[in-house]
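K.L.:
Below is one structure. I have some questions about it.
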């Protein structure tokens, strides 16, 4: 699996190009800072520094850009945890438990969990990549519309984990989100719901829409408070507690591994990226956990699951890019552009002829993940201080920065307008107690659901027999149903046990009463 | 406290101030004189990393050396390049906006299918060095060997093969034209639609679809994973010299050129500011013919060949006419 000769070559390459190591820390800081700003995605952060990298030699440029990528993967979770506003779609699932932990005054630990999960799974993802970079790429090409549709359905299962007072409103909100996700020109060339606005032809921009939906309710609820955290004692920033969070991450190896595997596989699929992986990893972790009721109320496993999928997805999408020359998402598209600008075309030929370079890139990313731990602790120490600033200063700043960020996505006014419109919709949803999160999930997955379903239909010509030729899709669905059935079974058993216990207690109580009565009678 | 200044005095001071400011900002006064005296925007109506973006970035150093002012790349992606095209037309006609775009197929598609507010004649081609052609291909270990076989099998049973294609594209027009000519009914086909060249190529290379019809150039990195069946061109392009052309494959059909990419300005500029336009044209020509530029771009598999405005506009209008003829196929 590993070509030893090329591996040694990679080590030599790493050692001889020590100068390029210096780009790791600046890259990480750029990634962390930019992606912590709501509205600026990983792709944006990398596009901003792309021109700079043109003046470096090839290896330095790749080190710099992948460092930005690594830093940005984690940075988005900082506003998600501290303010319930995800920096990018990939840290959406982090808000569920991350912000709940912050509200309990455990923001230090939550950031620690997120950082360590990011680091560990980033390393894990790349180590795995070292072994499977080629076979993984082959598998990725075999993933067709049917399999992708199954994955999208899996993502939608998350809806079941979003607690809502009214099931009907939750479903309605999700359906609304899916409909929003299908606005624009679909894969068959039909234009729907654009109201004649050219900017909507590509669909509703997910980042401004998501931030609008989530931020409106959140900012308004924050506006009524003096500080983000009510209790004065909780507004502390402590390195000790951040490190404690880091350390406790080790207690959940199963969550880490499951999150990583989901992240790598889904991250490797072109066009999906980490924004779906974190949803699936969160939903799976919650559903299979014994104590699933505590998720969404500040269970650290929720933070770990979401972050592990985001961090390992980086490795997955790098595999697709290096081995096939296909960008898995926006960030790898920028990396690909950087490769091309240095006259290097990734793909099967590149990986065959320059294996040492591929290994060197992977090894360097492992180093980056380790350095992220140190830089990240410093960054969250500074960033966490936002809880000590009065909301009257924080809120206007967030609004302005988010507006600028949404403008920057495409450099057009369409972004801020989307942001504003969806802030109004988000406010209305919150006001009438519809779960906003369900709408966001629908919005993020709606397009994928529709596209892949339509393609499956086109491919089969409506003939269901075709499905049997795709064991992978069947396997995904069977796994999904099995895991749901297991959960339901486990829940039922648990309920029965609880009922039996309650009955026993009741009987004991009755017996006691009877005994007492008999005693009194006597 | 009452101020001592009368209105007249304030006016005097303001007037003097304006005069000083005017003296201090000679650049504004000189603006009508020598073009160019400030950076020039190269508008790319696509996101970073695509062909046009790479072309613009690689060509910019040579173009700015000719123009004597820095060139700034401005990405204006969205709506199949329509947003960027509209943006370029809305800028002042002063020669500080030059488009680097895929004139074909995007301008015709914007107009014919997306109800764009501009006309084909609103754009003037300076030079369209990059030409791409539809390539019909299968995955490398497919049992299909040539295009004739594909047509025979479809003739027998139109649902026997799945065909991957982008809807409303030159590729789609070429696919339908071929099948119509061969007498294959086009209603019952298993057409699988993709909203981008990349996904359609991945599906072809991975064997998701039996035959894919997509722009050929993007297949280059995946060359070992596919088997080319036919390239819709009269002669194979230099970047894929052994690709089977229509005559090699023994296919007789009319076809639409896949992509024509390069340097474009609004036609209004050529009419309103002919001197400025002449400077731009000369600079693009000089940069395109510079040996260092040709060598640097060739390394990145980017085209620099100088066809000139006359040939480029002719090719562009030809493509537009053909697309208009076959527009019903695209809907």
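Each residue's number is its place along the chain shown, starting with 1.
In case you wondered, yes, glycine gets a Cβ from its N, Cα and C as well.
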K.L.:
If you look at how TrEMBL annotates this chain, which of A:83-102, A:203-222, A:283-302 comes out as transmembrane segment?
P.N.:
A:203-222
K.L.:
When you get a sec, could you say which of A:322-345, A:490-513 is annotated transmembrane segment by TrEMBL?
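P.N.:
Going through A:322-345, A:490-513 one by one, TrEMBL gives transmembrane segment for A:322-345.
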K.L.:
Could you check if the transmembrane segment (A:203-222) is in contact with the transmembrane segment (A:393-410), meaning 3+ Cβ pairs under 8 Å among residue pairs at least 6 apart in sequence?
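P.N.:
Touching, yes - the transmembrane segment (A:203-222) and the transmembrane segment (A:393-410) meet the threshold of 3 or more Cβ pairs under 8 Å.
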K.L.:
Using a Cβ distance cut-off of under 8 Å, indicate which of A:32-52, A:110-133, A:139-159, A:322-345, A:464-489 has the most pairs with the transmembrane segment (A:393-410).
P.N.:
A:32-52
K.L.:
Look at every Cβ pair spanning the transmembrane segment (A:464-489) and the transmembrane segment (A:139-159), keep those 6 or more apart in sequence, and say whether at least 3 of them are under 8 Å.
P.N.:
yes
